[in-house]
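Per Swiss-Prot, the features are:
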- Lys9, Thr168, Asp169, Thr210, Gly211, Gly212, Met213, Lys214, Ser215, Lys216: ATP binding site (BINDING)
- Ser49, Asp136, Asn148: substrate binding site (BINDING)
- 276-350: domain 'PUA' (DOMAIN)
Amino acid sequence: MKKQRIVVKIGSSSLADSHEGISKEQLSDHVAALARLKEEGHEVLLITSGAVAAGFSALGYPSRPVTIKGKQAAAAVGQSLLMQAYTEEFRKYGIVTAQLLLTRSDFSRKEQYSNAYATLGELLNRSALPIINENDSISLEELTFGDNDMLSALVSGLVSADMLMIFTDVNGLYDKNPQKNEDAKKYYFLPEVTEEIASLAGDAGSKLGTGGMKSKVDAAKTALSLGVSVFIGTGRGQEKFVDVLKGKGDGTYVGNAPQKEMKMNKQWIALHSVVSGQIEIDAGAATAIIQHGKSLLPAGVTNVSGFFQVGEVVEVMTQQGRVIGKGQCTYSAEELRDVKGMQSQHIQARGERHSYEVIHRDHWVSL
């Protein structure tokens, strides 16, 4: 089997008992299967939930807390317990683990995003197995972030994974709730995530997690847009992850032919960057960018909104108000207002710049 880079996401519902916290039996089962993937020569990253589930009983809560402060306190205790449990299990297979705790800001800030990329790459080069969780003891986002489902999709794109496996307590996607409807139809394969499929996914998750099928479907859609195929399902035993790669997984495969892989810088622009302003362009410039893959030049700019600096991300819109994309601007707002509508040779005559693109095509993402 060809060596692949695999991201496996394991949710709280696949790790924990509703009253006793983390199940050692379930965790051991997952680790044995992850070790088999490594044994087959694949690179593996683990996105794990379970910090809150691991910590609530140690703090005396009878069940998973419902308040933000309770969840964050449980996560602060549980993260170390969870990591200790993983480390001890992986040590049995001679696998070195590494812990990374991420927040949304680690993705929105370009330098931190690049650092995460470099760190994960080095860990994989050294044959370590990164274990990633949201830093939910300080992050509000995790509480509504879908039990790390979207985090797993974003990490999959960041490391250019071949596949994202989202493991849960339900064996795939159905057209209705299989626990309440005996005639529920299972989807074994979906070429894409359509609006119809998205609408079928419910909002509610299990008592242990914050997820649910909606967050998993949303994550699958994002992963596909970044060039990563997805599996959503369940399984037991040492071969369960290897079986997924062989097409024998107990769940739903999504996107046999995902979109073209998106480079790291464009991922950051598309999904994580903060928009600092807007640029309005004429029809000719829009055609050149969208249909012919050209860079945006000052001549095509008709209006500038906001106060942005060089290198910040701006939205680009047509004169009819339709946003067509965004990118990193090589001019400040003040500079661009001064040269908008001007031909490059006229700017060159000023002798002020060596480059005239407003947004280079390598730093542009169509929406």
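Each Cβ is built from the backbone N, Cα and C atoms, and glycine gets one as well.
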Assigned conformation of Lys9 (ATP binding site) - DSSP reduced to three states: strand
Distance from Ser49 (substrate binding site) back to Asp169 (ATP binding site), taken between C-alpha atoms, in Å: 13
Residue distribution over DSSP helix, strand and coil in the domain 'PUA' (276-350): 25 helix, 25 strand, 25 coil
Cβ atoms near Asn148 (substrate binding site) (within 10 Å, other residues, all chains): 30
Those binding-site residues, out of Lys9, Met213, Ser215, that come within 10 angstroms of Ser49 (substrate binding site) at the Cα: Lys9
Inter-residue C-alpha distance, Met213 (ATP binding site) and Asn148 (substrate binding site) (nearest angstrom): 12
Candidate with sparsest Cβ neighbourhood (10 Å radius) among Ser49, Ser215, the listed binding-site residues: Ser215
Cα-Cα distance linking Ser215 (ATP binding site) and Asn148 (substrate binding site), given in Å to the nearest integer: 9
Protein Cβ atoms within 10 Å of Lys9 (ATP binding site), excluding its own: 30
For the domain 'PUA' (276-350), mean pLDDT (0 to 100): 94
Cβ neighbour count (within 10 Å, all chains shown) around Asp169 (ATP binding site): 15
